[in-house]
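I have placed the structure first, in the form of structure tokens, so that the comments after it can refer back to it.
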Amino acid sequence: MATLSQLERSEISSLHDPEEASSEVTVLPGERLLDEVGDKNSSRREKGRRKDGGGITPEDNDNHTLWVDWEGPDDPENPKNWTYKQRWLITFIISSFTFISPVSSSMVAPASEQIAHQFGVQSTVIIAMTTSVFVLGYAFGPLLLGPLSEIYGRSRVLQCSNLFYLVWNLGCGFAQNKNQLIAFRFLAGLGGSAPLSIGGGVIGDVWHSEERGKAIAIYSLAPLLGPAIGPLCGSWIAERSTWRWVFWSTTIVDALIQLSGLFFLRETYAPVLLSKKAQRIRKDLAAAGNELQTPIKTIYESSKKLSWKAFMWTSLTRPFQLFLHETIIQLLGLYMTFVYGVFYLFLTTMPAIFTNIYHEDAGVGGLHYIALGIGLTLASQSNARYMDRVYIYFKGKNGGVGEPEFRLPTMFPGTILLPLGLLLAGWSAQHRIHWIATDIGIGIVGASVVIANQSIQTYVVDSFTLHAASGLAAVSFLRSLAGFGFPLFAPAMYAKLGYGKGDTILACVAIGLGCPAPVLLWKYGKRIRMSSKYAQHGMGNISQKDAEKRDRQEDQSDIDDLSTAQGLVPSGNTGNSTKV
């Protein structure tokens, strides 16, 4: 009989009964461990437990399940325990993916008139659609890609999706008519949407709650700064070359980012990492001469035999379930819908403001996107400075227990800045006041957008930890529909009302939607989460790890209910595995 030294001690010691992980336990000797796992004729009556909750609990049943988890809170294989350098490298790579795709979304805006002239397009709606249809892909892509990342892992889905974006973005530069261009733009948007939903999940995988604010600040700045920088570059490229190089240039940059991801982007999703760990344990047991009778599964797996079809169906429909049943997603999604719509409305109308009202050429007019970028950057960095501090402050006042609602105070300034920026930018342009006043208003709008985006993304990640990708996909669905739709009606609205009255209407809507949202969630957010199936519940006196384990149990219950409904698991059959 082989001894424990023939196996990876760290992996064997992480086989445990998750539900009994907090009980007082004793260590089972290595030979006894392998005897009880590998010997077909073992009575399996002996029970082994460890004080850190990492033991095995064999029973009198050959079908008893042994569970694989992390080696305690300091396990170096846990992405949250990777080195600071590794975690920041992953954060910067993810942010780069999240940056280049939005650059493509708006970079074509200054070249839209050139495209319209070449393809003979007269409709202002079609002209605007060549820019905004890319964002329509952002609405539908995350609904598929977010859940797929929870099945196959973040890194694999992210890089395959980025390659899909790269191919179709390259194809846009070879489009021969408006229909091809619109179709290719939509497909590129589908692939480019992956970082917007998966990236937030990666941030949640590698950072603890009290560290997450700074990482979210960089990650959430990328998709907002990208659309501001895109038109700045696109205006000069279109003026000095051709609109086709607008697409080819972004393709070249994206290829470099893709290479960095291939070399340095590691998998971070815990269920996938623990699944690989379980496979290594099975392989090592077989190499040691033990014929495994006891199933070995991760704590994220069901003890029942769940078909791939059922699991796929559950994961792919989860964003819709979150959107239809989660008040948090509905409330924040509605506000982000408006904020994102206003943001893309500004991106597509700024060229007209500075060429028609201030009579600047396309290249100089594109420089005003710098004002938007300054507002985004300053707000991102200042908000990042205080986001974690505010969270830690309220956590200390709450007895050292963190709550997702502690992310909301930083959202309040954004709800006030948005209507102020709209009024200043709109009326300054209407009365042809010096362009610096219009730029200041635009910068304030940018600041409000990034503050709202950071606060909402962090709140969703903290509230829906294990299913952060699906939560962000649900929030981004309506947001991206607005990013597609707002630019289509903007020319008609401003032509009829003018920039002053048009932006005043938007400012009133911003006050009505934005100001109540953080107040309601601050007051009732915890109560809403307590009644939620997917959201992280109130922490009470339990640890973060125990809370996440409870979320996994509730999610597993949902999967089991689906399996029973589809006839995959007989109703009432709980199996013979140790309950998690």
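Counting begins at 1 with the first residue displayed.
Glycine residues also receive a Cβ, built from the backbone N, Cα and C atoms like all the rest.
The annotation region 'Disordered' is assigned in TrEMBL to 1-73 (among others).
Marked as compositional bias 'Basic and acidic residues' by TrEMBL: 8-19 (among others).
Sequence annotations record features per position, and here TrEMBL assigns compositional bias 'Basic and acidic residues' to 32-53 (among others).
Annotation comment: TrEMBL describes 88-109 (among others) as transmembrane segment. With a cut-off of 8 Å between Cβ atoms, the residues of this chain six or more beyond the transmembrane segment (88-109) that come close are 115, 130-131, 134-135, 138, 158, 162, 165, 169, 185, 188-189, 192-196, 199, 202-203, 206-207, 215, 218-219, 221-231, 233-234, 237, 243, 246-247, 250, 253-254, 257, 260-261, 264-266, 268, 344, 347-348, 351.
What TrEMBL records for 90-527 is domain 'Major facilitator superfamily (MFS) profile'.
Residues annotated as transmembrane segment in TrEMBL: 121-145 (among others). Sequence-distant contacts of the transmembrane segment (121-145) (same chain, six or more residues past either end, CB-CB distance under 8 Å): 104-106, 108-109, 112-113, 115, 157, 161, 178, 181-182, 185-194, 196-198, 316, 319-320, 344, 347-348, 469, 472-473, 476-481, 483-488, 490-492.
Per TrEMBL, transmembrane segment is recorded for 182-204 (among others). Proximity of distant same-chain residues to the transmembrane segment (182-204), defined by a Cβ-Cβ separation under 8 Å and at least 6 residues beyond the stretch ends, is recorded for 90-91, 94-95, 97-98, 100-102, 104-105, 108, 129-130, 133-142, 145-146, 149-150, 154, 157-158, 161-169, 171-172, 175, 212, 215-216, 219, 223, 268-269, 457, 460-462, 465, 468-469, 472-473, 476, 480.
Residues or ranges marked as transmembrane segment by TrEMBL: 216-237 (among others).
Residues or ranges marked as transmembrane segment by TrEMBL: 328-347 (among others).
Outside the transmembrane segment (367-387) by six or more residues, the chain places 213-214, 216-218, 220-221, 224-225, 228-229, 231-232, 346-347, 350, 354, 407, 410, 414, 421, 435, 438-440, 442-451, 454-455, 458 with a CB less than 8 A from a CB of the stretch. Per TrEMBL, the feature transmembrane segment maps to 367-387 (among others).
Only residues 6 or more beyond the boundaries of the transmembrane segment (408-427), in the same chain, are considered here, and those with a CB under 8 A from a CB of the stretch are 339, 342, 346, 375, 379, 383, 386-387, 390, 394, 433, 437-438, 440-452, 454-456, 459, 499-504, 506-508, 510-511, 514-515, 517-518, 521-522, 525. Among the features that TrEMBL reports, transmembrane segment is placed at 408-427 (among others).
Residues annotated as transmembrane segment in TrEMBL: 433-452 (among others). Sequence-distant contacts of the transmembrane segment (433-452), counting only residues of its own chain at least 6 positions beyond either end whose CB sits under 8 Å from a CB of the stretch, comprise 220-221, 224, 228, 335-336, 339-340, 342-343, 346, 350, 353-354, 358, 368, 371-376, 378-380, 383, 410-411, 413-418, 420-427, 514.
The feature transmembrane segment is assigned by TrEMBL to 464-484 (among others). Counting same-chain residues at least six beyond the ends of the transmembrane segment (464-484), those with a Cβ under 8 angstroms from any Cβ of the stretch are 132-133, 135-140, 142-143, 145-147, 149-150, 154, 193, 196-198, 200-201, 204, 315, 318-320, 322-323, 326, 329, 332-334, 336-341, 343-344, 456-457, 534-536, 548, 551-552, 555.
Sequence-distant contacts of the transmembrane segment (504-524) (same chain, six or more residues past either end, CB-CB distance under 8 Å): 328, 331-332, 334-335, 338-339, 342, 345, 405, 408-409, 411-412, 414-416, 418-420, 422-423, 426-427, 452, 455, 459, 497. The annotation transmembrane segment is assigned in TrEMBL to 504-524 (among others).
Per TrEMBL, region 'Disordered' is recorded for 539-580 (among others).
For 545-555 (among others), the entry in TrEMBL reads compositional bias 'Basic and acidic residues'.
Here the transmembrane segment (328-347) has long-range neighbours at 106, 109, 131-132, 135, 224, 227-228, 231, 322, 372, 418, 422, 425, 442, 445-446, 448-449, 452-453, 456, 459-460, 463, 471, 474-487, 490, 506, 509-510, 513-514, 517, 520-521, 525, 528-529, 532, 535, meaning same-chain residues at least 6 beyond its ends whose C-beta is under 8 angstroms from one of its own.
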